[in-house]
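According to Swiss-Prot, the features are:
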- Asp414, Tyr449, Tyr543, His611: Fe(3+) 2 binding site (BINDING)
- Cys28-Cys66: disulfide bond (DISULFID)
- Cys38-Cys57: disulfide bond (DISULFID)
- Cys136-Cys217: disulfide bond (DISULFID)
- Cys176-Cys192: disulfide bond (DISULFID)
- Cys179-Cys200: disulfide bond (DISULFID)
- Cys189-Cys202: disulfide bond (DISULFID)
- Cys367-Cys399: disulfide bond (DISULFID)
- Cys377-Cys390: disulfide bond (DISULFID)
- Cys424-Cys699: disulfide bond (DISULFID)
- Cys441-Cys663: disulfide bond (DISULFID)
- Cys518-Cys532: disulfide bond (DISULFID)
- Cys589-Cys603: disulfide bond (DISULFID)
- 25-351: domain 'Transferrin-like 1' (DOMAIN)
- Asn514: N-linked glycosylation site (CARBOHYD)
Amino acid sequence: MRPAVRALLACAVLGLCLADPERTVRWCTISTHEANKCASFRENVLRILESGPFVSCVKKTSHMDCIKAISNNEADAVTLDGGLVYEAGLKPNNLKPVVAEFHGTKDNPQTHYYAVAVVKKDTDFKLNELRGKKSCHTGLGRSAGWNIPMAKLYKELPDPQESIQRAAANFFSASCVPCADQSSFPKLCQLCAGKGTDKCACSNHEPYFGYSGAFKCLMEGAGDVAFVKHSTVFDNLPNPEDRKNYELLCGDNTRKSVDDYQECYLAMVPSHAVVARTVGGKEDVIWELLNHAQEHFGKDKPDNFQLFQSPHGKDLLFKDSADGFLKIPSKMDFELYLGYEYVTALQNLRESKPPDSSKDECMVKWCAIGHQERTKCDRWSGFSGGAIECETAENTEECIAKIMKGEADAMSLDGGYLYIAGKCGLVPVLAENYKTEGESCKNTPEKGYLAVAVVKTSDANINWNNLKDKKSCHTAVDRTAGWNIPMGLLYSKINNCKFDEFFSAGCAPGSPRNSSLCALCIGSEKGTGKECVPNSNERYYGYTGAFRCLVEKGDVAFVKDQTVIQNTDGNNNEAWAKNLKKENFEVLCKDGTRKPVTDAENCHLARGPNHAVVSRKDKATCVEKILNKQQDDFGKSVTDCTSNFCLFQSNSKDLLFRDDTKCLASIAKKTYDSYLGDDYVRAMTNLRQCSTSKLLEACTFHKP
């Protein structure tokens, strides 16, 4: 055989000679069996994808070595469990999950399960009362049965930094923890039902091993609590009547029905995920490769090569139990993918010293957007005596993400962002009240405010029905009065999301910079580069900014009913506003008529929910306590706060809170949907297909 022919055949076998390096995914393997499956994967991909993407194989000795290899650009991808996804995301690795394995069907893919604590209904202890109880676990080192509950209980365990097993043995009166060190910690195996060498075995030889085994330990009365996953009760008790005998222990030390696992769980445990470099990580090529691969080699496909089978081992390259792949949204870093509870659990288990007792103290880290809010927040922090600290982000979605991750604790949001925050797992804590005063204010949340479309009185021909090709001014994309309500109404008329083509030009901070909806924006007076950003660096941002846009450039402004009044007749002394009269402006009615701005009650687009403070569920009680004290010290009820600090006043407009806030009122039911109301949630759900929110896409990735 001639050398040239021999070389071409070798290239065909290797699948590398003509492969474009940018279209080649270097898959990292950790064993000979994985390397062999990877080689088969490579050859079969070459057979079906002549133009790529291609696969090459890199062999290392451990997943941690693979993480380092990818970080150093010596490999491109590897599949990891949640704990290793966490390690991969930490500095200096800086990797991110790009593709998730899912279980179930394409129509209802599941990328996580809930770790729960199950108890019998006829008992009355809570999660913070488990000391001295008898516990049932799936197995040592397993997520739902060991890692999550031990992390949740970490601060209560005696000397956990010495040995988690010893700490657990001293915390519970007796346990069944299959796979535990029975000779060193006999109490961890005391409840197990296996005989002889099978007692506490790391397999089904121990009757109380695994999810069903741990639940059996509880059912048979051996234990008081079982740490399992949310589906375990349903799998073992198909009769709903039998399930009524059991309850879940919630993180807030309450109990709920086993049906309410989405509201009462210890942590959400994510599926295995493929990780890649955050920068230059080939995430689109990796997805293209795996998407093609699952179409040809996935579950129930006729090809001899199967992605989710491991003939010479178990879970080689991918989990054998996986049913397919889903692309992870680009905004989703490792912390958002894993979730706050799971990340906190992993952090606790990795503590090398006792938990800092100061973490138990109630203080609030407020998230400020941009320089002006940070300046006010720092001043607030100084007057608060340490109760308030400050964190900064460039925009609202970054702040929401920081609160989700525990990098910040709270902020006040309008209804549109509150919807996004709610979808991201945050809860409303206190509502801003704008009209109620006196003693009843803090106990009576208001119904909401009016969203209006404002025009100049001199533009007499403009009405709600002829806004096409007009110049529009918005508070920001995804905000209630400035975007969600008017664009939701507009969508119902034009049946598409091309709002940038409907208006001739506009300023809607948060829009793509090349959009016509950024054309009117003017940015910061301190220099260029801040045009159309959704924070106070854009002078047309927010209620006052959108109204200023109308005064200086636009035809219509979408704001709240009080905006015109607050910026006319001497109420705003800035140069652009000081000579304005409210009579110079009117509001548009949906029936095509117009009315004075003082008659907005009879001429508005819709009623929007008042702004509200949001936080994580675990921090909500602390936030409410601190803010009630802060408004007592610096709120509107204080006779003269100007010599110190005024919580509801700003040097510019609406920094941290709306300036017209009278008080922060307690909310009876702290869920985003009950606070926003059915009509508003329905409108937001309809408008979601027009949403450009990357954070909302990330937060809704894990389906309920």
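Just so it is clear, glycine is given a Cβ too, placed from its N, Cα and C backbone atoms.
Predicted, not measured: the structure shown is a model, and the values here were computed from it.
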Spatial neighbours of Cys202 (disulfide bond), counting only the disulfide-bonded residues Cys57, Cys66, Cys176, Cys179, Cys192, Cys603 and Cα distances within 10 Å: Cys179
Cβ neighbours within the same chain of Cys518 (disulfide bond) - under 8 Å, at least six residues apart: Gly506, Cys507, Ala508, Ser511, Pro512, Glu531, Cys532
Site with most surrounding Cβ atoms, counting all protein chains shown within 10 Å, from the disulfide-bonded residues Cys441, Cys603, Cys663: Cys663
Cα-nearest neighbour of Cys589 (disulfide bond) within the listed disulfide-bonded residues, Cys38, Cys66, Cys179, Cys424: Cys424
Model confidence over the domain 'Transferrin-like 1' (25-351), averaged pLDDT: 94
Cβ-based isolation winner (fewest other Cβ atoms within 10 Å) among the disulfide-bonded residues Cys179, Cys192, Cys367, Cys377: Cys179
Env. residues of Fe(3+) 2 site, Cβ within 8 Å of mean position of Asp414, Tyr449, Tyr543, His611 Cβ: Gly415, Glu432, Arg479, Thr480, Ala481, Lys560, Gly608, Asn610, Asp654, Arg658
By Cα-Cα distance, the member of recorded positions Cys28, Cys179, Cys377, Cys441, Asn514 nearest Cys189 (disulfide bond): Cys179
Which listed residue (Cys57, Cys136, Cys189, Cys390, Cys589) has most other Cβ within 10 Å, given these are disulfide-bonded residues: Cys136
Cβ atoms near Cys176 (disulfide bond) (within 10 Å, other residues, all chains): 32
Recorded positions clustered about Cys192 (disulfide bond) [Cα within 10 Å; pool: Cys38, Cys136, Cys424, Asn514]: Cys136
Those recorded positions, out of Cys399, Asn514, Cys603, His611, Cys663, Cys699, that come within 10 angstroms of Cys38 (disulfide bond) at the Cα: none
Sparsest-packed of the listed disulfide-bonded residues (Cys38, Cys200, Cys202, Cys399, Cys424) - C-beta count within 10 angstroms: Cys202
Neighbour tally for Tyr449 (Fe(3+) 2 binding site), based on other Cβ positions within 10 Å of its Cβ: 26
